[in-house]
Amino acid sequence: FDPIIEDYHQGFKKTDKHPPKNWGDVSTFGNLDPAGEFIVSTRVRCGRSMEGYPFNPCLTEEQYKEMEQKVSSTLSGLEGEL
């Protein structure tokens, strides 16, 4: 599939690598768009399975409910500006 992927992602080759993850001191980011001109919205997507649960197509309704409760409980415990 490499030729198809390279064609789809114009300019990126199989040998290309992600740059190292270095976000620096995230507490110094501040407001990335203070005038509100560029950032329209943001989104957080979680696309992996949770430990102890099958991937999405194999989940039962009960497992969905359990996962929702666990994620909701965890996220509601976060503090500070999000």
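Glycine is treated like the rest: Cβ placed from N, Cα and C.
The domain 'Phosphagen kinase N-terminal' feature in TrEMBL is assigned to 1-10. The domain 'Phosphagen kinase C-terminal' annotation in TrEMBL covers 38-82. The ATP binding site annotation in TrEMBL covers S41, T42, R43, V44, R45.
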Mean per-residue pLDDT computed across the domain 'Phosphagen kinase N-terminal' (1-10): 87
Counts of helix, strand and coil residues, the domain 'Phosphagen kinase C-terminal' (38-82), according to DSSP: 19 helix, 0 strand, 26 coil
Neighbouring C-beta atoms (10 Å sphere around the C-beta of R43 (ATP binding site)): 4
Counts by DSSP class (helix H/G/I, strand E/B, coil) across the domain 'Phosphagen kinase N-terminal' (1-10): 7 helix, 0 strand, 3 coil
Cβ atoms near T42 (ATP binding site) (within 10 Å, other residues, all chains): 6
